[in-house]
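Some notes on the structure that comes next.
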Amino acid sequence: MKFSSIILLTLLICSMSKFGNCQVETNVKCQGGSCASVCRKAIGVAAGKCINGRCVCYP
């Protein structure tokens, strides 16, 4: 039981470090849905949204 909890904790820590930074902030000003082309150029995926006047992209 102790060994399995150590393994579970290790997997949790590793997954947090790998997937913890799941958004890419840009310094490009935006309005509404104008972030698709910015995100496509920045990370290759058109998934993003305008937050506080700046584009935030999600890989």
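Backbone N, Cα and C define each Cβ position, glycine as well.
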Task = Check Swiss-Prot and name the cysteine among Cys50, Cys57 that pairs with Cys30 in a disulfide.
result = Cys50
Note = Of the candidates Cys14, Cys55, the one Swiss-Prot records in a disulfide with Cys35 is Cys55
Ask   = When neighbour density is defined as the number of other C-beta atoms within 10 angstroms of a residue's C-beta, which of the disulfide-bonded residues Cys35, Cys50, Cys55, Cys57 has the lowest density?
value = Cys50
Request  = Return the residues near Cys30 (disulfide bond), defined as same-chain residues 6+ apart in sequence whose C-beta is under 8 angstroms from its C-beta, sorted by sequence, else 'none'.
outcome  = Val38, Cys50, Gly53, Arg54, Cys55
Secondary-structure category, per DSSP, in which Cys39 (disulfide bond) falls = helix
